[in-house]
Amino acid sequence: MEESVLTLFVNGFVCKDPNLVNENDFLFTGLNQPGNTANQLGSKVTPVFVAQLPGLNTLGISLARIDFAPYGLNPPHTHPRASEILVVIQGTLSVGFVASNNPDNELFTKVLNEGDVFVFPQGLIHFQLNTGNTNAVAISGLSSQNPGVITIANAVFGSKPPISPYILEKAFQLDQKTVDILQAKFWMNNK
């Protein structure tokens with residue numbers, strides 16, 4: 001008689017058979033290594049989510065290292081399943097988020113120095129910009145093992161298939177030529 005195997009998914013990830021779990025499921029190495037910021041954004045996010053560290057599954061936590069070249073940007077994005085707390089380890093960052101629950105779409109922004117901490121509430125659009133002429137590093141803690149990331153420009157102008165230019169023209173009050181230019185760009189991901 002064959003034995004059936006039950007596969008349990010939690011937040012989209014398979015729970016490993018407890019009899020097969022080992023210490024390597026709880027270890028991530030290399031966060032001490034700088035990320036490669038030689039790209040058009042000048043930043044690199046090194047995630048430590050459940051996909052990189054299986055032992056995080058069901059724990060409701062994760063983190064990321066964010067490296068910035070001088071004037072590098074982690075562009076406006078959102079985490080649909082997590083709040084984020086960010087600490088600056090090196091350099092100076094201008095950070096902010098846009099409140100979605102008030103009529104003015106208020107921008108909350110601060111300049112952070114080494115050791116400063118800032119919180120980005122779940123689901124709100126936020127960014128980080130290195131305002132200095134030296135490299136910067138931040139560590140970000142997130143309240144989900146699988147926080148998700150939606151980079152706004154990539155999602156809107158780089159979707160496959162593309163969003164109708166008519167919709168984007170109306171939504172952003174742009175002409176068709178500008179929408180065509182934006183949709184033709186290569187929208188990079190710094191993750």
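Glycine too: its Cβ is placed from the backbone N, Cα and C atoms.
If you look up TrEMBL, you'll see 29-180 marked as domain 'Cupin type-1'.
According to TrEMBL, the feature oxalate binding site maps to N74, H79, E84. The number of other Cβ atoms within 10 Å of the Cβ belonging to N74 (oxalate binding site), over all protein chains shown, comes to 27.
Summarising the environment of E84 (oxalate binding site), the number of other Cβ atoms within 10 Å of its Cβ, over all protein chains shown, is 23. If you look up TrEMBL, you'll see H77, H79, E84, H126 marked as Mn(2+) binding site.
In sequence order, I125, H126, F127, V149, I150, T151, I152 are the residues of the chain that are 6 or more apart from H77 (Mn(2+) binding site) and have a CB within less than 8 Å of its CB. Along the domain 'Cupin type-1' (29-180), the predicted structure has mean pLDDT 96.
Within the same chain, residues at least six positions away from H79 (oxalate binding site) with a Cβ under 8 Å of its Cβ are F120, Q122, G123, L142, S144, P147, G148, V149, I150.
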